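S.K.: First the structure, which I've put down as structure tokens, then a few questions once you've had a look.
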């Protein structure tokens, strides 16, 4: 028997970053948004933990670990330890989320693994316990479980859904050269001299989501990591310039980058913008709707 779970990429509509805490983490006030780029995770019983990775075209997976250091194995072991069982599994990941791009593909895989193994072994883990396990695995993993649009606080691991009445369309523009998240946070600390206080989620963004107003949303997008990321990777400024030329309503770095998200008016506009970006020599381009569901079983 095998179980397959689908999990989505995330985009931070808003990413507010505060001063670094004593534990080394920065307090965040973010608005997560799940977009329609997906990884599928299939699990089956095995004598030992095993990871296999494949991918859609244009997605490189050579950086994805296939040993015990992959987050999906940590997710599986966390679940077995929680239930006091000694099971193991073969975990096959088929990636449709660009790797190391600020879209939380690894977190999506971890969330999918928790859901898939819970179903495979009929563990009936409570939602609260799944969220707790997810938070131990990484800041973005709880949101990958719940999906849609949600506020994230703490390190981002404390999530609460928000009203989102939009049917948004995005163009994701990838970049072959990665960007280290710790490096971006260090650059943020240098640029802001450590940040200031606890960040808040802006009301205009929440109002734009509730109204489903794309023009208001375009005005409300914000990412405190964008400036430090561009300081480290000034070449990304050309992507922003090209996105404006292509007709995007708004342009924003996804998380710590380097993937850039372009807000579009509708599906037709997204296809037009994607084509224009490809014509401007950006081959790694995807269109995606949002919001979409969190990790969910698709076959079993």
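Including glycine, each Cβ sits where the backbone N, Cα and C put it.
What TrEMBL records for 10, 140 is active site. The domain 'GHMP kinase N-terminal' annotation in TrEMBL covers 70-147. Annotation comment: TrEMBL describes 98, 99, 100, 101, 102, 103, 104, 105, 106, 107, 108 as ATP binding site. Look at TrEMBL and you will find 205-279 tagged as domain 'GHMP kinase C-terminal'.
Describe the structural context of these features.
M.R.: A strand conformation is recorded for residue 10 (active site) in the three-state DSSP classification.
Look at residue 102 (ATP binding site): DSSP puts it in coil.
The secondary structure of residue 140 (active site), as reduced to three states from DSSP, is coil rather than helix or strand.
Taken together, the residues in the domain 'GHMP kinase C-terminal' (205-279) have a mean pLDDT of 98 on the 0 to 100 scale.
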S.K.: Return the residues near residue 102 (ATP binding site), defined as same-chain residues 6+ apart in sequence whose C-beta is under 8 angstroms from its C-beta, sorted by sequence, else 'none'.
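M.R.: For residue 102 (ATP binding site), the qualifying residues are 179, 181, 253, 254, 255, 256, 257, 258, 259.
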S.K.: Among all protein chains shown, how many Cβ atoms are found within 10 Å of the Cβ of residue 98 (ATP binding site), not counting that one?
M.R.: 26
S.K.: Check the DSSP secondary structure of residue 108 (ATP binding site), expressed as helix, strand or coil.
M.R.: helix
S.K.: How many whole Å apart are the CA atoms of residue 140 (active site) and residue 100 (ATP binding site)?
M.R.: 14
S.K.: If one looks at the chain holding residue 106 (ATP binding site), which residues at least 6 apart in sequence have a CB under 8 angstroms from its CB?
M.R.: 71, 138
